[in-house]
Amino acid sequence: MPRFPRTLPRLTAVLLLACTAFSAAAHGNHTHWGYTGHDSPESWGNLSEEFRLCSTGKNQSPVNITETVSGKLPAIKVNYKPSMVDVENNGHTIQVNYPEGGNTLTVNGRTYTLKQFHFHVPSENQIKGRTFPMEAHFVHLDENKQPLVLAVLYEAGKTNGRLSSIWNVMPMTAGKVKLNQPFDASTLLPKRLKYYRFAGSLTTPPCTEGVSWLVLKTYDHIDQAQAEKFTRAVGSENNRPVQPLNARVVIE
């Protein structure tokens with residue numbers, strides 16, 4: 001099923017770093033970047049020395065998953081629970097923040113704590129050249145601050161009621177609100193957690209590498225009105241183009 005047609009102008013994305021909770025905190029910079037014009041993804045590597053990896057990195061994300069290598073990938077064990085969260089419009093995405101721990105994902109004997117999840121419209125990763133209407137990134141860190149991103153792709157379809165509590169309160173300008181009841185992130189994951197795995201990077205500046213990527217094979221759905229509301233809130237589509245795989249291998 002094709003992605004939704006563009007119905008909104010690509011406006012200049014506003015300043016505010018933090019599409020991933022740890023990137024802005026770790027680098028402490030305030031360089032303007034966005035998805036359109038002079039601040040677009042093609043220019044990120046030239047905006048700041050700290051962003052240089054966006055241009056020079058060899059293990060960048062997102063990617064187009066075409067050829068894969070079969071492997072006995074370990075099962076993902078998710079231990080998410082209802083938690084109080086903030087819903088933030090940081091100018092680049094709508095992000096749901098987890099101020100406290102307690103939500104974890106374990107894979108291959110290593111446990112990662114969920115820090116936040118956010119969305120990209122349209123998707124950043126592709127499957128055999130196919131772009132999806134939306135993608136969610138569940139961002140985790142292990143005890144050594146090593147990042148893992150669990151990605152869910154959304155097809156065009158009917159309204160996704162499981163997103164309603166977030167979509168109903170999402171700030172339409174920069175800012176954040178607290179949900180008035182606990183939110184269980186596991187409701188946004190499919191029952192089957194089969195996945196593709198590859199080494200990659202943050203998909204936003206500073207494009208730090210060393211990120212473990214798990215892209216789920218089972219898709220969710222979203223309707224056009226939900227996608228359009230997101231794009232209005234953020235001010236533009238917010239997907240980085242796919243990057244070369246180079247010597248990397250995608251395992252499934």
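All positions are counted from 1 along the displayed chain.
Quick reminder: no glycine exception, Cβ is built from N, Cα and C everywhere.
The record in Swiss-Prot lists a disulphide bond between Cys54 and one of Cys19, Cys207, namely Cys207. Confidence annotation: the domain 'Alpha-carbonic anhydrase' (31-252) carries a mean pLDDT of 98 in the model. Recorded residues His120 (Zn(2+) binding site) and Thr203 (substrate binding site) have their alpha carbons 10 Å apart, per Cα-Cα distance.
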